[in-house]
Every structure is written in C-alpha cells, then in structure tokens.
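Among the features that Swiss-Prot reports, Zn(2+) 1 binding site is placed at Cys70, Cys72, Cys85, Cys88. The Mg(2+) binding site feature in Swiss-Prot is assigned to Asp460, Asp462, Asp464. What Swiss-Prot records for Cys814, Cys888, Cys895, Cys898 is Zn(2+) 2 binding site, and it gives sequence analysis as the kind of evidence. Among the features that Swiss-Prot reports, N6-acetyllysine is placed at Lys972.
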Amino acid sequence: MKDLLKFLKAQTKTEEFDAIKIALASPDMIRSWSFGEVKKPETINYRTFKPERDGLFCARIFGPVKDYECLCGKYKRLKHRGVICEKCGVEVTQTKVRRERMGHIELASPTAHIWFLKSLPSRIGLLLDMPLRDIERVLYFESYVVIEGGMTNLERQQILTEEQYLDALEEFGDEFDAKMGAEAIQALLKSMDLEQECEQLREELNETNSETKRKKLTKRIKLLEAFVQSGNKPEWMILTVLPVLPPDLRPLVPLDGGRFATSDLNDLYRRVINRNNRLKRLLDLAAPDIIVRNEKRMLQEAVDALLDNGRRGRAITGSNKRPLKSLADMIKGKQGRFRQNLLGKRVDYSGRSVITVGPYLRLHQCGLPKKMALELFKPFIYGKLELRGLATTIKAAKKMVEREEAVVWDILDEVIREHPVLLNRAPTLHRLGIQAFEPVLIEGKAIQLHPLVCAAYNADFDGDQMAVHVPLTLEAQLEARALMMSTNNILSPANGEPIIVPSQDVVLGLYYMTRDCVNAKGEGMVLTGPKEAERLYRSGLASLHARVKVRITEYKKDANGELVAKTSLKDTTVGRAILWMIVPKGLPYSIVNQALGKKAISKMLNTCYRILGLKPTVIFADQIMYTGFTYAARSGASVGIDDMVIPEKKHEIISEAEAEVAEIQEQFQSGLVTAGERYNKVIDIWAAANDRVSKAMMDNLQTETVINRDGQEEKQVSFNSIYMMADSGARGSAAQIRQLAGMRGLMAKPDGSIIETPITANFREGLNVLQYFISTHGARKGLADTALKTANSGYLTRRLVDVAQDLVVTEDDCGTHEGIMMTPVIEGGDVKEPLRDRVLGRVTAEDVLKPGTANILVPRNTLLHEQWCDLLEENSVDAVKVRSVVSCDTDFGVCAHCYGRDLARGHIINKGEAIGVIAAQSIGEPGTQLTMRTFHIGGAASRAAAESSIQVKNKGSIKLSNVKSVVNSSGKLVITSRNTELKLIDEFGRTKESYKVPYGAVLAKGDGEQVAGGETVANWDPHTMPVITEVSGFVRFTDMIDGQTITRQTDELTGLSSLVVLDSAERTAGGKDLRPALKIVDAQGNDVLIPGTDMPAQYFLPGKAIVQLEDGVQISSGDTLARIPQESGGTKDITGGLPRVADLFEARRPKEPAILAEISGIVSFGKETKGKRRLVITPVDGSDPYEEMIPKWRQLNVFEGERVERGDVISDGPEAPHDILRLRGVHAVTRYIVNEVQDVYRLQGVKINDKHIEVIVRQMLRKATIVNAGSSDFLEGEQVEYSRVKIANRELEANGKVGATYSRDLLGITKASLATESFISAASFQETTRVLTEAAVAGKRDELRGLKENVIVGRLIPAGTGYAYHQDRMRRRAAGEAPAAPQVTAEDASASLAELLNAGLGGSDNE
C-alpha cells in the first residue's frame, strides 16, 4: 500500500521550471530519447489489429496498447508493473507512455535538415559562406564540392561539375578530396574551427569600410558566436539519426469497413523507412554509384517532406491529391499546435444559447434556463445529493438528476446561489466581452441578459448567441466575483467613461419625462416635494411636462465627506421631480433639471461614480433603467408616416438647383468651363441644395408653435416622435431623418466617385426605379466593406496584442524625471481636445507652476484627478509635463507612476496589471467602427484645401512662435520662416486657436496685438511661393542672360512682361553652369549683408521662377523679388480609417516622404546629375557638410543660402516616423504617432486615451542599434533589446568603464513581435519555421517573462492574480529554496487509488 501511495505521489508531481531552452539535437541526444530503432515500414496487422514488431507502432519500442497488459497477454494487471515480457518484449505499464516514448531511424546516409538549409537566410549557407544554390547542387547530387584541396590548385569549398571533377582526378589523382551529397556538407561543417573563424572575421570587420560588407560580416559573426556560446555543433544541422514521433501523436484508427484513418506523418515516415532500407541494401550489395546516388537523393527528399513538405520542390501528395501535412505544418498557422491547442483551448462546463432581454434583472444578474443550469452544475448537484444522503453512489445521483426529481431542483437552487457564471459573446474584442453574473433560474430556453451590459458586449437581441462558463474552483469563483462581476466593470478601460449607459428606449423614456411643455395641465403649481408631484401625475391632475415649482432637498458632501442637507424651491417640471426620487443623495439637483439626452445621462452616471463610488452608481443605473422603460412605455412615442414632415420649400430649392445645373451645362457646351470644372460645380450645387433642404426640414421638425397661458403664440421644442428620438440620442440622426423627409442626396458609384444626378426624392415620397437602382450601389458597398473591415480589424488587434502582451506594471515608481509635454489639441479655430481630458489620470513629471509666478500649483508626482484638473483650469494652465510609459525607466515592464490611473477603476494602477493587452484591446476593439476607404477629395472639398488667409473666430491676442519676419514698405510683417505657428490667446492666457502660417504671408497684426473675433490676421497667395528680400536696396541681376538662363514672356491680357527662369534641362550648353540670382546692392553698388550674418544678400532663383522686376530697381525689405508657381498637387488621396492606423503602427514609410534636414546649417546646391539635384548642408561650426541627392520633381521649401535646423522640413510630404525619431527624438515620434492615430479615431467619434497608444509606441521602440560598442560586448551595428543596453551600460558605468552608445529603432508592430526576446511568443505569432530555426541555432533561452509564453507552457500568467505567484517564485529562486511542493492528503491518495484499481480491473464499470 505504501509504495502505491508513493507511486501516486510521483504521478502528481508538477514540473517547476524557470526557462525553456531550444537547441540543435545531437545524434547521441536523439538516440538517448529513443526507446528503440524503427526498422520496418509496417504499421499494424490488418487482421489482428496488433502493431507489427519493429514497425512504426511497435509495442516493444513505444509501450503497451492496453493499460498494464503486454502484447501477447502473458502479463496482465497492476501487480506485474514494470515487468518486461520475455515473449513479446513489451514492458507492462500504462498506455499513455505511447504518447511520450520516441523511437529513431538510423539513416544510411546523412541528410540535411531542410529548415537550416532553406529557411532564409540559410543557416548552413551563412556558416559555410557559400551560396544556397551551390549547397543545394551538392546536396541533391548534381555537383562535387572540394573538402581538402591538399597540394593542388583547388580551393576548399570549390564547386566542381562532373566533368571538372573527372579532369581533376586525372590531373591530381588522390591528392585532393571532393565529395557530393550531405556527407560532403557534413565534412565541411565538421572541419570548421568556429573560434578562429570568428577572430578572422572580427579583424576583417575592423579593416573594411564598405557598408554591405560590414552587414554581411556582422551577420556571420553573430551566427558563429551563437554557435560557440550555445554549444551547438554545426554538423548537427545534418541529420544522421532521425527521431520518430510517439505513435499516439500520429494515430492510426480503424474505420468501419476495414479502412483506416491515419495521420499523414505515418505515410511520410513510411517513405523514409522504405528508402532508407533500400539504400542500406544497395550499399551492402555495393551497387553502382549512380543507383546509390539516386537512392540517397530520394532519401534526402523523403526526409525533407517529413520535416517540411512543400518547402523544396513540389509537395508530396497523398492518395487524394492533397499535400501531406508534415511536422512543420503541425505547428504553424491557425490550425497548428500553437494557435489551435496551446493558445486556444476548449473548456468543459459550458453551454450556449440565444439571448433575450431581462428588463427586470438587477445589474449583477442574468437569467439562466433551468435545463442549462442543471447540466452545467451536475457535479455540484451529485456532490450535494451524496452529502445529504439522498443518493448512495454517483450512479444513483445521476439517475435522480436524469429523472429530474423534485428534490433535485431544490438542490440546484442551493448550488447556484452565490455561484457566479461567466457570460461571453463572440467576438470577444476587449475584456468586457466576458463578464460574471449571478444566475437566476428561469423557465424557457434563452439566456436573459441585462439591457445595460449590451453596450459592453456589443450585443443586440436579434438572434445573438452567448456562451456560459462555470468557474469551478474557489479561487476562480472569487476572481469572477471580485474582478469580473458586471457591477465592477462600470467604466470602459479604453477611456474611463461609463460603459454601463442606457440606450434606446431608456434614453427616450428619460428624455420624454424631463421635457417641458408650454401651457401643460397643472402649469404654475407649487408643490411640497417629489412625492406630491408623483401623486398629482398619477391622479391625472398634472401633466408630466408641466412647469411647476417644487420643494427639493439636496445633499452635498462637505470637507469631511459628511452629507449636508439643503432645501430650496426649484423651477422645474413634474417629470424631473419624479426622476429626482431615484437620484442618490450627494448629487446636485441641476443634473436632472434639464432635458436629459444620452450624453447627459452618461455624464450623470460618471459624476455619480466619481462623487459617491461604485455601489450607489450600480443601484442608480438599475433605477434609471427601470424608470426609463416605464416612462418610455407611458410616452407612447412611435414612428408614423405623418411624423416625417416634408418642408414646403423643397420643390423650389430643387428647381433652383436644376436651373443652375442647366446654366453650367450651357457654359460647358460653349467651352467656358472644362469637363472637370463642370462636374465639380454640379456636385457643389447639389450638395448645397441638399444642405438647404435638410436645414429647412430640421427647422420645420424642431419647433412647433403653441398658445401659452396668456393666449400668446410661443415657439417650443417639438414633440414629434422622430425628432425626439434623434434629439435624445436614442436612435437615428439628422442625416437619417434627412433621407426620410428631406432628399436622399448624392450617391457614390461602386468605385467611390460621386454620381452627379442626385436622388431628389426621399423615402416618404418613395423612389422611382432609376433612383432605387442608384441607391443599391451604396448599400452593396456598405455590406462588402463591413466584411473586409471585420477581418482587417481582427488582424490589427491580433498584431497589437502580440506586440504588447508582455508589458505589465512591475514597480511603483522608476523615479524618472522624463515625460511628455501635454497641450490641448487645437486644429485651426476649434479646441479638438481640451488639456483637462489629456492630463486627467496622469502623473505630473515636474512641478506645475502657477502661470506668471514661481509658486507651485501642483507638486511633482501627483496623480491628476478631477479636483486637480479643476484647479489647473481655474488657473488657466496651458501645458503640463506628465510622466509617460514611453519615457519609463523600468527594465522589464513599466512603473505605476508612469502609467497613471487605471481607467476602469479610477485609482492609480495596481502592480501586475496587464496594461499591454488592455492597450491593444482598447485600440483594436473600435477597429470595426473605422472606415476602410481612402478618401478622394474632389469638388467643394478640394477648393477649401487651398486656403489663402487666416480668419480668427474669437477675440484675444496673437502669439507667434518660431518666427522670422521683416517689415515691408507698408509697415506690415512679412513672414520669412518656414514653420511659423500663430496662436490666439484669450484674456486668461489660454490658447484658443492655432494656425500654421506659410512663408511669405503678410500679417495684418503683429505679435502680442489684440484682435477681434472674425478679423482676418494673415493672407497669402496659395498658388505661388514668393522669394522675399530681407534687406532694402537695389536689385542687381547676376547670370540672368536672356535666351540662356531666362526668357521674357508677355501676358496677352495685361501687356505686362515678366522674366521666367529656365529649368536646367531647357538651357543651352552655355547656360548649364550659370546660376541665375538676384543680388541686393546699396546705392554705391556694394553688397548689402543679411542682418546678423556676414553673408551678402543674394537670392538664387530655381527653374520656373517668375521675376517681374527690372535690373537696378529700388526695393525695400519685405518685397517680393520673384514668384515660384506651385503645382497644386491635384486631388491627393488621403488614407483614412483602419488602413491608416495599421500604417502608423507598422511604421511604414510613406510613398513620397517629407525630406528633413539631417543637420543644422546653411543650404546650398551642389553639382546636378541627370534627374536629381544635390543638396548640401554646411554646418556653421565648420564640421563636415552633409550631402543628399533629391529628385528634381520634388518641390523644395528652402532657397540657397538659407539656414535650417536639424529636423526642419526641406520638401513637403507626409513625414516618415523613422526620420522623426532620428532627427527629433523619441518624444517627437510618440507625439506624432499618438496624434495621427487619435485623428483617425476622433473622426469616427471614438474616444481612446492617449496612454494606450503610448504603450504600443513603447513596444515599437524596444530595440536599439549599437553605434559605438565602448567596452561592452555588443557588436557595432547590432540590433539589441533596449533594456539590455541600459542594463549593460549601468553595470559598465558602475565599474567606471565606457558604456555603449546607441540609437533607438522604431519597428513596426509585426517586426517588433517577431523580434521579441521570447522565441515561444514569436513562433506562435507568425513565420513559425523561421523563428524556431533562428532560435535553435542560437540556442536561445526563453525566460518566460511575457503572458503568451506562460499561457503556452500552461502556467499562471505573470499578471493579475498570477503576478503574486511569480513574484513569490522569484523570491524563492533568489533565496535558493525549493518551491512549495503540492501536498497530497490521505483523501486524495485514496481517491486516486480507487481510480487506479478501477483501471486495473479493466474498467468493468465503464458507463
């Protein structure tokens, strides 16, 4: 008995490990795993179904087919455990060893492992420094390779064809050694001296200067070093022994009818064994070389197919013409081992059903059909039945449950009480897609869901299904209750706004109840309180909308958090007074004293949560829902065809538009406008007409005229049902009402261009056939887009999760002083996002001072909550430096202070929170709401793009930044700098508006001057770019020779002549080297210097420039010397929506990126080549100039002799994020990506907190390239993990040595995921083969730091509740203790014993 218990204990021991290492397997290692050699290709005997001896399923090698029973049946039962039968050679043990015992095949000739050969870059090729083509020719017996040159003129590794080999044999005899096949490659690999080769390459690296050569050398050095360090031997990449997978992992199952279903691997192994045996026989017979060679090649191909079918040549197909699934196919792809079984497992104790509404449920409840509950909670019911003594055995209990006896239902009630279940709706796009509820038993077969959680699940009741899961263990139940309960998930983790918000009916009900109406029944009464209001309403003495005075008692929290009552008489309506009864104490009456729309209700819940906390909010939310449903039913709001009131003006608006279109058509026919202009104008006319119709319609719907108490007419907001639905935010929008009662407007063709004949009808009037046909385009495109969108959005989320999965909060404070400056987002005249929204929930990086003083307003390291933000607003602070994850100094993970507030909970984030996954989900989840298309700008939009002035909206003072300007003759400022910004500051010092001012703009007001709202402050010519002089004097032409560098043109209409500079391509040979320029001289003819420098004022003119001055004219500063016509870029496509977000996160270079200045200095142009010009920037301090070739067609923003700063734009275009990082730093690139991504989401009205995007950016910046190795052991130009450089530098500096210098790299999310330190995580993401090959060669260790790796190896993840377990293990490891072993109690042991004995009895009781 005792040793049985010991045996059981050994069975339950869990493996504790800290890291997983992957390496090449040596032949001896493969043999040590093996339990015997597989010699025959046979599988099982088709008559007896017993495995053949020495075959692929041999019981002697792999273990018994039945538990504790040998093959011939001599030994049965547990007592013979461990005996090896002398007759059949099978060990008596459990069958499950057939899942773990491996075999092997001794190959008669070595074969190359295809992964190390063909997975690019080829490892064997890199190691031998031979091209892959040559190696393949040797391996597949087409050429010879020289292994030892001896005293001959043949080089080692030289490739010889058959003829060359024979010639060499004749010439040198056996002086040299050349072979073909894998033996040759193996010999080459064996004879390599890795250390010496490494030394040699390092020396070469120091001597060489060519960039490509350096890259190649570093690659080889890295590979060789990896081999040296990992202890892998190169010749192990050639297989001499092939391992055989355990048979139960490649099963063979008999189907009825004498056929077998088998895993493809068996076929592949059979081919290998057959060819191997044939090759052995041929070698024993000493067959002719050519036959042996052919057989060897076939063996090589068979092994290739087994390891990775289809990688080389055609894939081997089975009987049914489809390629066989090889070992590589087993692990890669969506159906492979990683994604199908390790990352996505199926679970027991779950059910699914359709969902319906449960309007009477509380927020933490869900309705569970009795049938489902009975099935899901079976084990608990069996247990209870036995415990009560109502059933003696499990079998009896089972029978009772099947009969559904009365007592079973009582027990079910008991079991279910306080036992939460998880509800999940696919697709689970964010963590709120799985929440816990307490089940309430219901009749029927549909799960009932609380209406308020629909928003989080994105569920509706048109046939959606949901899955139920039962948390079994106590810990699981505890987590479900404490963390996943729907009542604990009130706020969205993406933006910190409430996600439990009413929608549709509830909103309509509350809106209806809080509206007021002129002269309603009971207007003007004075009531004692909400109770009386309700009584009057119920008894029909007062209308719900009557304006009355009511005595209201409000409660307000004082400084100590006590509630203080305050009673006053309020002007309000009956409905609002009734609603006040459900509002929790502590909120002001003003929040219900308004017509409540969806936004107002959301704000009300948010306020409630911030002031009163979780519990009152949950109760309040439920009450809101019940009240809303009640009054929505009372309102009787419905949609009738007469609610869609068509405006009378519609006909005349349309006929006016038609007349204008006809007029333009005439102009087009008489040749006054071009076809494109006509099209754009027509579309503009119809768009304007549509707007007018919809405005007339909305004015019509919005108000109605009523008679008030005094008998006068008064306008009030309409009670039209459709209008109320749209106005409250319950359903529908102005655009949809426009289609119902206005006109449908312009439609797009399938290719996205707009059809110029609009649909003038609306749905109430009905469409004719043509109109209906046109409108089908749009509908069809919508459906197609949605399908594409879902797939793309899902893939984006997967990439985001993958790149961010290992980012966890690991410490409280990293102590950094770095951070990013937060300012409000202002585009033109509107504040898109106020500062408050951007800094709320962040931690300050430095003290915030009161503007204009040195007094500290907010100290450093303060978490900015609502009250702090109010303080910032009161003092009109305009910029705050906050901590950010991008600048966090924690090595693995981030610190809580750099992250700030946990948006879903409202306090600073806890340690162990998986912020990476939360960020990825928050960005990915709204992905399906983004559009898929690229926007074409045409018509009205493209004309608006060419702005030519700035008109301010508000009054205030002007502030210019980065400005250089000169005053012109009329006393106005002319801008001569490139990236000038004009800001409007209000009287409190806050920025209200911000505009970009181009070069050459004329300002009406100067810096610091006051302007009134609506005033124009700057204007410029959008079509030409001027050349402005900064000094006054006389113009002197240099190199301006008519016919060579310039030509004179006269305008027919005005008769004015102007000079046009010829492009270098148009010039004659003599004019090629001339540089046309305008020089400014004083009256004496001496050069005038540019103020502040010693350079003469000389303006070089580029080709196509137009000069309207004559030689020797007097000019004054600020005048235009020449104009350069700007080719307007035509209609540019703007990539929007999802593709744009993907481009940003993948850090793709745009097609024609902006050219930025690499260094600061003076611009000049060097010698031109055919299609390019040479830009030279000479630094002022006299160091080496920087040169760059720029295509001629790029329009440059700089003139010769101008001074630029590093990172300035030289030629416009979309900026490449890599350039921003290189030239302007980490913070600039963070700001760029965050702002660009936010622009896309903001357009769709989706709110995402900046810090989620910053988290992804931090992961994109994980790598750094070593610039100078210092005394570290990195290679120059090597790409390493940023944290590793930091740690290494810290150690070096502590020892007083020189650290490595590096430059940060920006990787796209796919690249970053594949470049992670963890090979398990990378392999499960994409390109499994390549990742595993690389890892094996380098002998990588996976420290299992991220979440994905731990899920794959089946451990608790180092986040959330698993964080403590991992911390504990790390502490133990540091202290060197053994991990706490799981204790086996006596009960456990006896239970396991019973199970084991049952197994030994051959399972007589197998129901």
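Backbone N, Cα and C atoms are what each Cβ position is placed from, and that goes for glycine too.
Note that the coordinates shown come from a computational prediction; the quantities given were computed from them, not determined experimentally.
On the structure: features taken from Swiss-Prot.
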{"residue": "Cys70", "record": "Zn(2+) 1 binding site", "CB count, 10 Å": "25"}
{"residue": "Cys72", "record": "Zn(2+) 1 binding site", "CB count, 10 Å": "14"}
{"residue": "Cys85", "record": "Zn(2+) 1 binding site", "CB count, 10 Å": "20"}
{"residue": "Cys88", "record": "Zn(2+) 1 binding site", "CB count, 10 Å": "17"}
{"residue": "Asp460", "record": "Mg(2+) binding site", "CB count, 10 Å": "11"}
{"residue": "Asp462", "record": "Mg(2+) binding site", "CB count, 10 Å": "6"}
{"residue": "Asp464", "record": "Mg(2+) binding site", "CB count, 10 Å": "17"}
{"residue": "Cys814", "record": "Zn(2+) 2 binding site", "CB count, 10 Å": "19"}
{"residue": "Cys888", "record": "Zn(2+) 2 binding site", "CB count, 10 Å": "24"}
{"residue": "Cys895", "record": "Zn(2+) 2 binding site", "CB count, 10 Å": "22"}
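Ranking the recorded positions Cys898, Lys972 by other CB atoms within 10 A of the CB puts Lys972 at the bottom. Reduced to three states, the DSSP call for Cys895 (Zn(2+) 2 binding site) is strand. In this structure, the C-alpha atom of Lys972 (N6-acetyllysine) lies 107 angstrom from that of Cys85 (Zn(2+) 1 binding site).
Within the set of binding-site residues Asp460, Asp462, Asp464, Cys814, Cys898, the entry lying nearest in space to Cys88 (Zn(2+) 1 binding site) is Asp464 (CA atoms).
Looking at Asp464 (Mg(2+) binding site) and Cys898 (Zn(2+) 2 binding site), their Cα atoms lie 40 Å from each other. Taking Cys72, Cys85, Asp460, Asp462 as the binding-site residues under consideration, the smallest Cα distance to Cys895 (Zn(2+) 2 binding site) is found for Asp460. The Zn(2+) 2 site is defined by Cys814, Cys888, Cys895, Cys898, and by the 8 Å test on Cβ atoms against their centroid, the other residues of the chain that qualify are Glu811, Asp813, Thr816, Arg883, Val885, Ser887, Asp889, Thr890, Val894, Ala896, His897, Tyr899.
Within 8 A of the CB centroid of the Mg(2+) site residues Asp460, Asp462, Asp464, the other residues of that chain are Ile355, Ala459, Phe461, Gly463. Cα separation, Cys70 (Zn(2+) 1 binding site) to Asp462 (Mg(2+) binding site), rounded: 59 Å.
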